[in-house]
Amino acid sequence: MSKGSSKHTVRINQTWYIVSFILGLSLFAGVLLSTIYYVLSPIQEQAATFDRNKQMLLAAHILDFKGRFQIQEKKEWVPATFDKKTQLLEVATKKVSEVSYPELELYAERFVRPLLTDAQGKVFSFEEKNLNPIEFFEKYQESPPCQQSPLPFYVILENTSRTENMSGADVAKDLSTVQALIFPISGFGLWGPIHGYLGVKNDGDTVLGTAWYQQGETPGLGANITNPEWQEQFYGKKIFLQDSSGTTNFATTDLGLEVVKGSVRTTLGDSPKALSAIDGISGATLTCNGVTEAYVQSLACYRQLLINFSNLTHEKKTGE
């Protein structure tokens, strides 16, 4: 072996060379990962927003469990498409595919409005309170339910040309244009926080659906709260508990939805309480208890708003 080769070998084995190599490799890896994060971050945020909006519209029954638009026609839910010309949902005349990101964004822009309410059920727009909806909802999610004022919620406007361009302030002044309400639901499952939505008809009592966009429950057990087969039983349930005679005192009755252990029919039969109960998930009792508590705690502060919508619906029916 030549002297030059020996010197080169010694150089490679020197500590400073090894340290320099490791530092250089670490720097390269750090720059590479930072670049990848910078490039992918907007895409990830867009995907998260798309999923959250889908879950919201699923809870409001605007989307079916296959992610397709649907519309109520003669008291039946039928497939629908978002007509680019009329900017409205129309009964589908051919096979409907899953909603795309642009379609969902366009529908949300036209017919979904974030609003605020207080303990008296008065409704405000975010513009009136000079608040940013995105920042406010993020902050609200991090707080215990009902610990923040004012309270946020969403509304789905009626599928008409009259409502598509209404601002939040316009809607707050004319709640008769509201088709459905969507409430943020937060609580704790077995393994951590759970966050989702509950959709309610404009009668302030009848459930349209539920969806969870964040949960870390056990796959095959507690995670089944995101299973369509479990979620579909929420449709038509009542969030205000009826008494034994079948009447509802909205001001004093219990408010929420109870996930029972076992089946509703076996546990409650045909009693009025069954209208506000959901079948439990086998092997996921603690998750189900957390879900029940999430509905009770999250909805409690919206009681007066729900009562106001119930009264509004009654007035509309009386005036017809």
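Keep in mind that glycine also has a Cβ here, set from the backbone N, Cα and C atoms.
The following features are taken from Swiss-Prot:
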MOD_RES   Thr285  FMN phosphoryl threonine
TRANSMEM  16-36  transmembrane segment
Set of same-chain residues at least 6 away whose C-beta sits under 8 angstroms from the residue listed as 'FMN phosphoryl threonine':
Lys261
Structural state of Thr285 (FMN phosphoryl threonine), classified by DSSP into three states:
helix
